[in-house]
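Worksheet: one structure, shown below.
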Amino acid sequence: MKRLLILSLLLEAVCGNENFVGHQVLRISAADEAQVQKVKELEDLEHLQLDFWRDAARAGIPIDVRVPFPSIQSVKAFLEYHGISYEIMIEDVQLLLDEEKQQMSAFQARALSTDSFNYATYHTLDEIYEFMDLLVAEHPQLVSKIQIGNTFEGRPIHVLKFSTGGTNRPAIWIDTGIHSREWVTQASGVWFAKKITKDYGQDPTFTAVLDNMDIFLEIVTNPDGFAYTHKTNRMWRKTRSHTQGSLCVGVDPNRNWDAGFGMAGASSNPCSETYRGKFPNSEVEVKSIVDFVTSHGNIKAFISIHSYSQLLLYPYGYTSEPAPDQAELDQLAKSAVTALTSLHGTKFKYGSIIDTIYQASGSTIDWTYSQGIKYSFTFELRDTGLRGFLLPASQIIPTAEETWLALLTIMDHTVKHPY
(Lines of atoms letter the chains of each structure in order from A and count residues from 1; the text may use other names and numbers.)
(Lines give C-alpha, C1' and ligand atoms only; values in the text may rest on other atoms or scores of the structure.)
Protein backbone atom coordinates (compact mmCIF):
# COMPACT_ATOMS: atom_id res chain seq x y z
CA MET A 1 0.00 0.00 0.00
CA LYS A 2 2.80 2.42 0.93
CA ARG A 3 4.59 1.80 -2.37
CA LEU A 4 1.36 2.33 -4.31
CA LEU A 5 0.72 5.61 -2.51
CA ILE A 6 4.23 6.87 -3.25
CA LEU A 7 3.83 5.86 -6.90
CA SER A 8 0.47 7.61 -7.18
CA LEU A 9 1.89 10.79 -5.66
CA LEU A 10 4.80 10.72 -8.11
CA LEU A 11 2.42 10.24 -11.04
CA GLU A 12 0.31 13.16 -9.87
CA ALA A 13 3.37 15.35 -9.62
CA VAL A 14 4.25 14.51 -13.22
CA CYS A 15 0.66 15.21 -14.30
CA GLY A 16 0.65 18.64 -12.70
CA ASN A 17 -1.13 18.09 -9.38
CA GLU A 18 -0.28 21.15 -7.31
CA ASN A 19 2.04 20.53 -4.40
CA PHE A 20 1.76 22.18 -0.98
CA VAL A 21 4.93 20.89 0.67
CA GLY A 22 6.00 23.24 3.44
CA HIS A 23 2.91 25.43 3.19
CA GLN A 24 1.69 26.52 6.61
CA VAL A 25 -1.64 27.81 7.83
CA LEU A 26 -1.17 30.66 10.28
CA ARG A 27 -3.81 32.02 12.62
CA ILE A 28 -3.28 35.75 12.96
CA SER A 29 -4.76 37.69 15.87
CA ALA A 30 -5.15 41.38 15.08
CA ALA A 31 -5.50 43.34 18.32
CA ASP A 32 -6.96 46.50 16.80
CA GLU A 33 -8.10 48.04 13.53
CA ALA A 34 -4.58 49.26 12.72
CA GLN A 35 -3.31 45.69 12.83
CA VAL A 36 -6.24 44.51 10.69
CA GLN A 37 -5.20 47.05 8.06
CA LYS A 38 -1.61 45.82 8.20
CA VAL A 39 -2.80 42.27 7.52
CA LYS A 40 -4.83 43.58 4.59
CA GLU A 41 -1.61 45.08 3.23
CA LEU A 42 -0.19 41.56 3.20
CA GLU A 43 -3.27 40.35 1.36
CA ASP A 44 -2.63 42.87 -1.42
CA LEU A 45 0.92 41.61 -2.05
CA GLU A 46 0.17 39.16 -4.84
CA HIS A 47 3.74 37.89 -5.13
CA LEU A 48 3.36 36.26 -1.71
CA GLN A 49 0.49 34.12 -3.08
CA LEU A 50 -1.33 34.10 0.24
CA ASP A 51 -4.59 32.18 0.51
CA PHE A 52 -6.85 33.64 3.20
CA TRP A 53 -9.04 30.90 4.62
CA ARG A 54 -10.66 33.39 7.01
CA ASP A 55 -10.49 37.00 5.90
CA ALA A 56 -9.07 39.98 7.74
CA ALA A 57 -12.35 41.49 8.90
CA ARG A 58 -12.06 43.23 12.24
CA ALA A 59 -10.15 43.04 15.49
CA GLY A 60 -10.94 40.04 17.63
CA ILE A 61 -11.90 37.72 14.76
CA PRO A 62 -9.20 35.15 13.90
CA ILE A 63 -7.56 35.46 10.49
CA ASP A 64 -6.42 32.17 8.94
CA VAL A 65 -4.06 32.22 5.98
CA ARG A 66 -2.23 29.55 4.02
CA VAL A 67 1.31 30.72 3.38
CA PRO A 68 3.41 29.09 0.63
CA PHE A 69 6.81 27.87 1.79
CA PRO A 70 8.81 30.59 -0.07
CA SER A 71 6.77 33.33 1.64
CA ILE A 72 6.78 32.02 5.21
CA GLN A 73 9.78 33.91 6.52
CA SER A 74 8.71 37.18 4.92
CA VAL A 75 5.19 36.93 6.33
CA LYS A 76 6.33 36.01 9.82
CA ALA A 77 8.91 38.81 9.82
CA PHE A 78 6.24 41.31 8.73
CA LEU A 79 3.88 40.22 11.48
CA GLU A 80 6.57 40.27 14.15
CA TYR A 81 7.82 43.70 13.06
CA HIS A 82 4.33 45.13 13.49
CA GLY A 83 3.71 43.33 16.77
CA ILE A 84 0.93 41.17 15.36
CA SER A 85 0.61 37.82 17.10
CA TYR A 86 0.17 34.55 15.23
CA GLU A 87 0.28 30.82 15.74
CA ILE A 88 0.81 27.89 13.40
CA MET A 89 -2.42 25.94 12.90
CA ILE A 90 -1.15 23.55 10.22
CA GLU A 91 2.58 22.87 10.09
CA ASP A 92 2.64 21.34 6.61
CA VAL A 93 -0.45 21.34 4.40
CA GLN A 94 0.89 18.61 2.13
CA LEU A 95 1.11 16.12 4.99
CA LEU A 96 -2.63 16.49 5.57
CA LEU A 97 -3.33 16.19 1.85
CA ASP A 98 -1.29 12.98 1.73
CA GLU A 99 -3.29 11.57 4.65
CA GLU A 100 -6.53 12.54 2.93
CA LYS A 101 -5.50 10.91 -0.33
CA GLN A 102 -4.36 7.75 1.41
CA GLN A 103 -7.70 7.50 3.22
CA MET A 104 -9.61 7.92 -0.04
CA SER A 105 -7.45 5.33 -1.80
CA ALA A 106 -8.27 2.79 0.89
CA PHE A 107 -12.02 3.10 0.22
CA GLN A 108 -12.29 3.20 -3.56
CA ALA A 109 -14.55 0.19 -4.02
CA ARG A 110 -17.48 1.06 -6.27
CA ALA A 111 -20.82 0.97 -4.45
CA LEU A 112 -23.58 -1.15 -5.95
CA SER A 113 -26.27 0.49 -3.84
CA THR A 114 -26.69 3.50 -1.59
CA ASP A 115 -26.70 1.11 1.37
CA SER A 116 -23.16 -0.03 0.58
CA PHE A 117 -21.97 3.48 -0.34
CA ASN A 118 -19.25 4.70 2.05
CA TYR A 119 -20.47 7.92 3.66
CA ALA A 120 -17.36 8.18 5.83
CA THR A 121 -14.93 9.04 3.05
CA TYR A 122 -14.59 11.80 0.48
CA HIS A 123 -15.73 11.12 -3.07
CA THR A 124 -15.05 12.46 -6.55
CA LEU A 125 -17.61 14.23 -8.73
CA ASP A 126 -18.21 11.08 -10.79
CA GLU A 127 -18.76 9.01 -7.66
CA ILE A 128 -21.26 11.51 -6.29
CA TYR A 129 -23.15 11.64 -9.58
CA GLU A 130 -23.23 7.83 -9.63
CA PHE A 131 -24.60 7.89 -6.08
CA MET A 132 -27.37 10.23 -7.20
CA ASP A 133 -28.34 7.85 -10.00
CA LEU A 134 -28.40 4.91 -7.58
CA LEU A 135 -30.63 6.83 -5.17
CA VAL A 136 -33.08 7.74 -7.92
CA ALA A 137 -33.18 4.14 -9.14
CA GLU A 138 -33.85 2.84 -5.62
CA HIS A 139 -36.57 5.39 -4.78
CA PRO A 140 -38.23 6.41 -8.06
CA GLN A 141 -41.48 7.39 -6.33
CA LEU A 142 -39.69 9.79 -4.01
CA VAL A 143 -36.54 11.02 -5.76
CA SER A 144 -35.87 12.40 -9.22
CA LYS A 145 -32.85 14.08 -10.78
CA ILE A 146 -33.18 17.30 -12.71
CA GLN A 147 -30.56 19.17 -14.68
CA ILE A 148 -30.74 22.93 -14.16
CA GLY A 149 -27.88 23.86 -16.48
CA ASN A 150 -24.32 23.23 -17.59
CA THR A 151 -21.12 24.55 -16.07
CA PHE A 152 -18.57 26.76 -17.80
CA GLU A 153 -16.62 23.63 -18.76
CA GLY A 154 -19.75 21.83 -19.94
CA ARG A 155 -20.52 19.57 -17.00
CA PRO A 156 -24.19 18.97 -16.12
CA ILE A 157 -25.51 20.70 -13.01
CA HIS A 158 -27.73 18.17 -11.24
CA VAL A 159 -30.26 18.70 -8.47
CA LEU A 160 -32.13 16.00 -6.59
CA LYS A 161 -35.84 16.59 -6.11
CA PHE A 162 -37.57 14.85 -3.21
CA SER A 163 -41.35 14.92 -3.51
CA THR A 164 -44.42 12.96 -2.46
CA GLY A 165 -46.45 14.32 -5.37
CA GLY A 166 -48.30 17.40 -6.54
CA THR A 167 -47.27 20.28 -8.76
CA ASN A 168 -45.42 23.45 -7.80
CA ARG A 169 -45.71 22.71 -4.11
CA PRO A 170 -43.93 24.96 -1.61
CA ALA A 171 -40.30 23.91 -1.52
CA ILE A 172 -37.08 23.99 0.45
CA TRP A 173 -33.74 24.41 -1.30
CA ILE A 174 -30.45 23.10 0.12
CA ASP A 175 -27.10 23.43 -1.63
CA THR A 176 -23.63 22.25 -0.68
CA GLY A 177 -20.22 22.79 -2.19
CA ILE A 178 -20.57 26.20 -3.84
CA HIS A 179 -16.97 26.72 -2.72
CA SER A 180 -15.30 23.67 -4.18
CA ARG A 181 -12.60 23.04 -1.58
CA GLU A 182 -15.12 22.75 1.26
CA TRP A 183 -15.29 18.98 0.87
CA VAL A 184 -17.16 18.23 4.08
CA THR A 185 -20.16 20.07 2.61
CA GLN A 186 -20.52 17.91 -0.50
CA ALA A 187 -19.95 14.83 1.65
CA SER A 188 -22.67 16.02 4.03
CA GLY A 189 -24.97 16.65 1.07
CA VAL A 190 -24.62 13.02 0.03
CA TRP A 191 -25.44 11.92 3.58
CA PHE A 192 -28.49 14.24 3.67
CA ALA A 193 -29.82 12.69 0.47
CA LYS A 194 -29.68 9.20 1.93
CA LYS A 195 -31.10 10.44 5.24
CA ILE A 196 -34.15 11.88 3.47
CA THR A 197 -35.00 8.52 1.91
CA LYS A 198 -34.44 6.68 5.20
CA ASP A 199 -36.41 9.04 7.42
CA TYR A 200 -39.46 9.59 5.25
CA GLY A 201 -42.21 7.47 6.75
CA GLN A 202 -40.11 6.77 9.86
CA ASP A 203 -39.49 10.17 11.48
CA PRO A 204 -42.84 11.92 12.08
CA THR A 205 -41.36 15.43 12.01
CA PHE A 206 -39.53 14.90 8.74
CA THR A 207 -42.41 12.97 7.20
CA ALA A 208 -44.65 15.97 7.85
CA VAL A 209 -42.10 18.20 6.11
CA LEU A 210 -41.99 16.11 2.94
CA ASP A 211 -45.75 15.54 2.96
CA ASN A 212 -46.19 19.30 2.72
CA MET A 213 -43.16 20.52 0.81
CA ASP A 214 -40.71 19.40 -1.86
CA ILE A 215 -36.98 19.47 -1.18
CA PHE A 216 -34.40 20.38 -3.80
CA LEU A 217 -30.83 19.34 -2.96
CA GLU A 218 -27.87 20.45 -5.06
CA ILE A 219 -24.97 18.40 -3.71
CA VAL A 220 -22.23 19.75 -5.99
CA THR A 221 -23.02 23.39 -6.67
CA ASN A 222 -19.66 24.13 -8.30
CA PRO A 223 -18.85 20.99 -10.34
CA ASP A 224 -15.94 22.45 -12.32
CA GLY A 225 -14.22 23.71 -9.21
CA PHE A 226 -14.88 20.46 -7.37
CA ALA A 227 -13.40 18.36 -10.17
CA TYR A 228 -10.39 20.68 -10.17
CA THR A 229 -9.83 20.15 -6.43
CA HIS A 230 -9.52 16.43 -7.09
CA LYS A 231 -7.39 16.55 -10.22
CA THR A 232 -5.16 19.60 -9.85
CA ASN A 233 -5.46 21.92 -6.85
CA ARG A 234 -7.12 20.74 -3.63
CA MET A 235 -7.31 24.33 -2.38
CA TRP A 236 -9.35 25.69 -5.32
CA ARG A 237 -12.37 27.76 -4.21
CA LYS A 238 -13.84 29.54 -7.22
CA THR A 239 -15.49 28.59 -10.49
CA ARG A 240 -13.30 27.84 -13.53
CA SER A 241 -14.52 30.56 -15.89
CA HIS A 242 -12.11 32.80 -17.79
CA THR A 243 -11.96 36.56 -17.32
CA GLN A 244 -11.10 38.60 -20.38
CA GLY A 245 -7.88 40.53 -19.91
CA SER A 246 -6.65 38.41 -17.01
CA LEU A 247 -4.64 35.22 -16.72
CA CYS A 248 -6.35 34.46 -13.41
CA VAL A 249 -9.21 31.98 -13.52
CA GLY A 250 -12.54 31.84 -11.77
CA VAL A 251 -15.09 33.88 -9.86
CA ASP A 252 -16.20 33.52 -6.25
CA PRO A 253 -19.73 32.16 -6.74
CA ASN A 254 -20.75 33.49 -3.33
CA ARG A 255 -19.99 37.09 -4.39
CA ASN A 256 -21.68 36.90 -7.80
CA TRP A 257 -25.34 37.32 -6.83
CA ASP A 258 -27.39 40.43 -7.51
CA ALA A 259 -27.58 41.67 -3.92
CA GLY A 260 -25.29 44.53 -3.03
CA PHE A 261 -23.16 43.48 -5.99
CA GLY A 262 -20.03 45.64 -6.34
CA MET A 263 -20.16 46.97 -2.80
CA ALA A 264 -17.48 46.42 -0.17
CA GLY A 265 -17.12 42.80 0.83
CA ALA A 266 -15.96 41.42 -2.52
CA SER A 267 -13.01 42.06 -4.81
CA SER A 268 -12.77 43.53 -8.30
CA ASN A 269 -9.40 41.79 -8.77
CA PRO A 270 -9.73 38.62 -10.90
CA CYS A 271 -6.82 37.08 -8.99
CA SER A 272 -8.56 37.44 -5.63
CA GLU A 273 -10.29 34.50 -3.95
CA THR A 274 -13.32 36.79 -3.47
CA TYR A 275 -13.44 38.12 -7.05
CA ARG A 276 -17.06 39.02 -7.73
CA GLY A 277 -17.03 38.77 -11.52
CA LYS A 278 -17.74 41.45 -14.09
CA PHE A 279 -21.49 41.54 -13.48
CA PRO A 280 -24.13 39.78 -11.33
CA ASN A 281 -24.94 36.19 -12.32
CA SER A 282 -22.01 36.09 -14.73
CA GLU A 283 -21.32 32.53 -13.58
CA VAL A 284 -23.57 29.91 -15.13
CA GLU A 285 -23.46 27.97 -11.88
CA VAL A 286 -25.11 30.96 -10.18
CA LYS A 287 -27.39 31.90 -13.07
CA SER A 288 -28.77 28.35 -13.22
CA ILE A 289 -29.95 28.59 -9.61
CA VAL A 290 -31.31 32.11 -10.13
CA ASP A 291 -33.34 30.95 -13.13
CA PHE A 292 -34.60 27.88 -11.30
CA VAL A 293 -35.64 29.77 -8.16
CA THR A 294 -37.28 32.53 -10.20
CA SER A 295 -39.21 30.15 -12.44
CA HIS A 296 -40.28 27.94 -9.54
CA GLY A 297 -41.64 30.90 -7.61
CA ASN A 298 -42.58 28.96 -4.49
CA ILE A 299 -39.33 28.36 -2.61
CA LYS A 300 -39.97 29.03 1.08
CA ALA A 301 -36.57 28.22 2.62
CA PHE A 302 -33.13 28.44 1.04
CA ILE A 303 -30.13 26.99 2.87
CA SER A 304 -26.60 27.23 1.50
CA ILE A 305 -23.98 25.13 3.28
CA HIS A 306 -20.30 26.06 3.56
CA SER A 307 -17.34 25.28 5.80
CA TYR A 308 -15.62 26.17 8.06
CA SER A 309 -16.08 28.21 11.31
CA GLN A 310 -19.17 26.65 12.96
CA LEU A 311 -21.66 29.40 12.23
CA LEU A 312 -25.32 29.73 11.27
CA LEU A 313 -25.89 32.99 9.42
CA TYR A 314 -28.82 34.93 8.02
CA PRO A 315 -29.08 38.18 5.98
CA TYR A 316 -27.68 40.66 5.51
CA GLY A 317 -24.05 40.49 4.46
CA TYR A 318 -23.73 43.63 2.38
CA THR A 319 -25.41 46.09 4.74
CA SER A 320 -25.64 46.58 8.50
CA GLU A 321 -29.34 47.37 8.16
CA PRO A 322 -31.27 44.64 9.98
CA ALA A 323 -33.36 42.31 7.84
CA PRO A 324 -37.11 42.97 8.28
CA ASP A 325 -37.51 39.44 9.68
CA GLN A 326 -34.39 39.56 11.85
CA ALA A 327 -36.15 38.77 15.13
CA GLU A 328 -37.73 35.60 13.75
CA LEU A 329 -34.58 34.54 11.89
CA ASP A 330 -32.47 35.05 14.99
CA GLN A 331 -34.80 33.00 17.16
CA LEU A 332 -34.96 30.23 14.56
CA ALA A 333 -31.17 30.22 14.24
CA LYS A 334 -30.89 29.91 18.02
CA SER A 335 -33.27 26.92 18.01
CA ALA A 336 -31.41 25.28 15.12
CA VAL A 337 -28.03 25.72 16.81
CA THR A 338 -29.42 24.33 20.07
CA ALA A 339 -30.60 21.22 18.21
CA LEU A 340 -27.25 20.86 16.46
CA THR A 341 -25.25 21.16 19.68
CA SER A 342 -27.42 18.58 21.45
CA LEU A 343 -25.91 15.66 19.52
CA HIS A 344 -22.12 15.97 19.80
CA GLY A 345 -21.71 19.17 21.80
CA THR A 346 -20.39 21.14 18.82
CA LYS A 347 -20.63 24.87 19.53
CA PHE A 348 -22.00 27.19 16.85
CA LYS A 349 -22.38 30.95 16.81
CA TYR A 350 -25.28 32.56 14.97
CA GLY A 351 -26.35 35.96 13.68
CA SER A 352 -26.40 38.13 10.59
CA ILE A 353 -23.48 37.74 8.18
CA ILE A 354 -22.18 41.28 8.60
CA ASP A 355 -22.41 41.29 12.40
CA THR A 356 -21.11 37.77 12.96
CA ILE A 357 -18.16 37.61 10.56
CA TYR A 358 -17.66 40.40 8.04
CA GLN A 359 -19.20 42.41 5.24
CA ALA A 360 -19.83 40.24 2.19
CA SER A 361 -21.57 41.57 -0.89
CA GLY A 362 -23.21 39.58 -3.65
CA SER A 363 -23.89 36.57 -1.43
CA THR A 364 -26.37 33.79 -2.10
CA ILE A 365 -28.76 34.28 0.78
CA ASP A 366 -28.89 38.06 0.49
CA TRP A 367 -30.24 37.54 -3.02
CA THR A 368 -32.69 34.80 -2.02
CA TYR A 369 -33.96 36.94 0.84
CA SER A 370 -34.44 39.84 -1.56
CA GLN A 371 -36.62 37.51 -3.64
CA GLY A 372 -39.00 37.02 -0.74
CA ILE A 373 -37.56 33.76 0.59
CA LYS A 374 -37.83 34.57 4.28
CA TYR A 375 -36.00 31.56 5.66
CA SER A 376 -32.62 32.14 4.01
CA PHE A 377 -29.65 30.75 5.91
CA THR A 378 -25.98 29.93 5.44
CA PHE A 379 -24.18 27.30 7.49
CA GLU A 380 -20.44 27.21 8.08
CA LEU A 381 -19.76 23.64 9.23
CA ARG A 382 -16.85 22.17 11.23
CA ASP A 383 -14.29 23.00 12.38
CA THR A 384 -13.01 26.29 13.83
CA GLY A 385 -9.61 26.14 12.16
CA LEU A 386 -7.62 23.23 13.56
CA ARG A 387 -7.92 21.48 10.19
CA GLY A 388 -10.03 24.03 8.32
CA PHE A 389 -10.90 22.87 4.81
CA LEU A 390 -8.94 19.66 5.39
CA LEU A 391 -11.37 18.15 7.87
CA PRO A 392 -10.58 14.46 8.47
CA ALA A 393 -13.00 12.04 6.83
CA SER A 394 -13.71 10.59 10.27
CA GLN A 395 -15.68 13.78 10.99
CA ILE A 396 -17.95 13.61 7.92
CA ILE A 397 -20.76 11.60 9.48
CA PRO A 398 -20.76 13.41 12.86
CA THR A 399 -20.80 16.73 10.98
CA ALA A 400 -23.69 15.65 8.76
CA GLU A 401 -25.64 14.15 11.68
CA GLU A 402 -25.54 17.30 13.78
CA THR A 403 -26.22 19.58 10.82
CA TRP A 404 -29.28 17.52 9.92
CA LEU A 405 -30.82 18.32 13.30
CA ALA A 406 -30.44 22.03 12.58
CA LEU A 407 -31.82 21.60 9.06
CA LEU A 408 -34.80 19.68 10.41
CA THR A 409 -35.49 22.50 12.88
CA ILE A 410 -35.52 25.05 10.05
CA MET A 411 -37.61 22.84 7.76
CA ASP A 412 -40.15 22.08 10.49
CA HIS A 413 -40.49 25.79 11.28
CA THR A 414 -40.94 26.59 7.60
CA VAL A 415 -43.81 24.11 7.30
CA LYS A 416 -45.48 25.35 10.47
CA HIS A 417 -45.15 29.05 9.59
CA PRO A 418 -46.46 29.43 6.03
CA TYR A 419 -46.30 32.82 4.37
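Every residue gets a Cβ built from N, Cα and C, even glycine.
Swiss-Prot annotates His179, Glu182 as Zn(2+)-binding residues; of His23, His47, His296, His306, the candidate listed for that same site is His306.
Candidates considered were Cys15, Cys248; the recorded disulfide partner of Cys271 in Swiss-Prot is Cys248.
When the C-alpha distances from Arg237 (substrate binding site) to the recorded positions His179, Glu182, Glu380 are tabulated, the minimum falls on His179. Proximity to His306 (Zn(2+) binding site), defined by a C-alpha to C-alpha distance within 10 angstroms, is shown by none of the recorded positions Cys248, Arg255, Cys271. Neighbours of Tyr308 (substrate binding site), defined as other CB atoms within 10 A of its CB across all chains, total 24. Tyr308 (substrate binding site) sits 5 Å from Glu380 (active site, proton donor/acceptor), counting Cα to Cα. Nearest by CA distance to Arg255 (substrate binding site), out of the recorded positions His179, Cys248, Cys271, is His179. When Cα-Cα distances from His179 (Zn(2+) binding site) are compared across the recorded positions Cys248, Cys271, Glu380, the shortest belongs to Glu380.
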